[in-house]
Amino acid sequence: FKGGDTCEYLLSSGRFLGEKVWQPHSCMMHKYKNSEAKNCLIDKHVVFIGDSRIRQLFYSFIKLINPQVKEEGIKHGNIPFEDQSASIKVDFLWYPEVNGSMRQRIKSWAEGSVAKPHIIVVGAATWSIKIHNGSNEALAQYKINITSIAPLLEKLAISSDVYWVLQDPVYEDMLSESRKMITNEKIDAYNEAAVRILNSSSRNSKAKVKVFSVSKLIAQETIMKSADGLHLPESSRDTNAMILMNVYCNKIMKPIDGSCCQPQPPLTLIQKIAFCFFTLSIFGYLIISLIHRNNYRKNKSCTDLESGEEKKPAISTPNVSTLEMLLHCFCKLGLIMTYFYLCDRANLFMKENKFYTHSSFFIPIVYILVLGVFYTENTKETKVLNREQTDEWKGWMQLVILIYHISGASTFLPVYMHIRVLVAAYLFQTGYGHFSYFWIKGDFGVYRVCQVLFRLNFLVVVLCIVMDRPYQFYYFVPLVTVWFMIIYATLAVWPQIVQKKANGSCLWHFGLLLKLICLLTCIYFLSYSQGAFEKIFSFWPLSKCFELNGNVYEWWFRWKLDRYVVFHGMLFAFIYLALQKHQMISEGKGDPLFSNRVSNVLLFISIVSFLTYSIWASSCKNKTECNELHPSVSVVQILAFILIRNIPGYVRSVYSSFFAWFGKISLELFICQYHIWLAADTKGILVLIPGYPMFNVLVSTFIFVCVAHEISQITNDLAQIVVPKDNSTLLKRLLCTAGFFSGLHFFSAMQDQSRH
């Protein structure tokens, strides 16, 4: 739609989300902090030229650099500002009319030896209307003066950023008697003259003066809140200043959540290699498909004249079918990755900022819960946390997390605290599931480890290559991967204690509990020793995986936030399996888990615990303090939910096939949302269909879910090929994998060197 110049959209169009959040058309606006503004404007000179409205914009702009600045000084005079720490100089020059004096000042920069400012913001008209009582002669003179100034501004625009600020509308009912002649009709006439002259003049020039017209749209919505009917309220001029900062700084600072005015990032060497690989896979698959089709035609069943029976064509050899399957998977994956790149790296589709409202979060939650209840079926087995039930649990949690992300609900602390429990519940299942497998099966072979690691990490590794993102960026996958390895190491290290061995003697149970206590001690030590944790993960090659922005602090924070919940999952699995072994629980269809009396007491305690946690989470006032308590108390709501879900026999015997379907692709949904449902690496929302928010969400969600499902199928197919059961073949594949990552590291080092 209209090309990819998001700067033009930022300066000219947009809408309000709520009362104070401005959303530019098609792109995302970053909210600059003081430190970011200083880094962008270091050694820069910025000049604002105009009347009292431009002076307002000047003050809002310098408050982005230093919030302590007060609006003091001469009203009708020049106002200097300087930040010596960053060598930033911002000046306001009082020129309330477009006249000879303003022209002379601009000419001194354009043609004189005076140093040119890096940013020039100009605008004036209301004084001309006021002084000349809105006469037509004043408008004619205004046109003449702008015509004489326009070539000078264009000359300056070659080396500087020049913005002409159009006049905002006024609230005529509130204007004082001395300003009654300033009408919106007159302002529109002056704006129209300025735009026409600047646009016609710029057609023949090398550079263009940027027309800052978005302030008009902002003023139309907010001018009625003005104190005098002429000057904008503070929130509106702050928005204008932030837009100005985005226009200039986004191309310099390249913030993730500031897509406006950002050029498309160039392809890296690794991305180019990946593109070639996927292209070859597509052509390879097409060639093999054509060969097979021709062979099929040649070997097509023909009627045997003597017997009248049909001869069947020869079956393809397994090697060829494996190669075809491999190429087919990479062919589909290549097309999907192209879509990923176009959505979140190319400037093809629009992106918008998130905006949270209670209705945008809770209405979809109610809707999916109704759908989930509607698709209720009987489970194949009635054990606690059976496969259908865990898939259902993952499914509804993942859908709630997706709604949480797209609605921007992280700004609402009670919702944030409940979502933290859902993330903890995923990790609880990791501890429960892997412990149960190793305890019951006793399978500590390399094949099992490679299968799990491949299924967890395949998509993320591909995205790291295609989207040029570090591994730690997709924080949840490193988290579950590390915890899987910790569970494996805890149980596989000598002495290996499994259920079969423990059945012979109760002492083995104490041995396992001793292992779990050692694990808990290590977790406790690392959580309170950031230095030790960072030293472990700062060693190469771990540092390449877990560093983000040059350090492992983000990884330590993510790990620490749910540090005990995997241990809780392992301990729960141990206790549950011990109770099951000694037949202390009843898991028959329709039967309560314990005796009626015990079941009722436990159910009552669980409901009270569940609600108590929700009340505590909803009353949280400080995010940091609540995060500190979360690792120790999140297990309360998780265990309460498990007991509520499993104690009543009927509830344990049914599940939602709707939620379970999403649960089977929950990992792919969580990862894919980063780039093809959300945008700008989860900071914004992808817009495939502008102007129709609900329809856009429906279309993008449909594509997103289909893609996640397809990637899940591809991962399962490739896991069977890439991770064989034969140990000698598996060893060769592991050596090839080591070679692949060594090559990836080599090319990554080349990229980093070329960037620096």
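Backbone N, Cα and C atoms are what each Cβ position is placed from, and that goes for glycine too.
Within the set 396-417, 660-681, the record from TrEMBL flags 396-417 under the feature transmembrane segment. If you look at the transmembrane segment (355-375) against the transmembrane segment (325-343), you find fewer than three C-beta pairs under 8 angstroms, all six or more positions apart, and that falls short of contact. Residues in the domain 'NXPE C-terminal' (22-72) partition by DSSP class (helix H, G, I; strand E, B; coil) as 22 helix, 9 strand, 20 coil.
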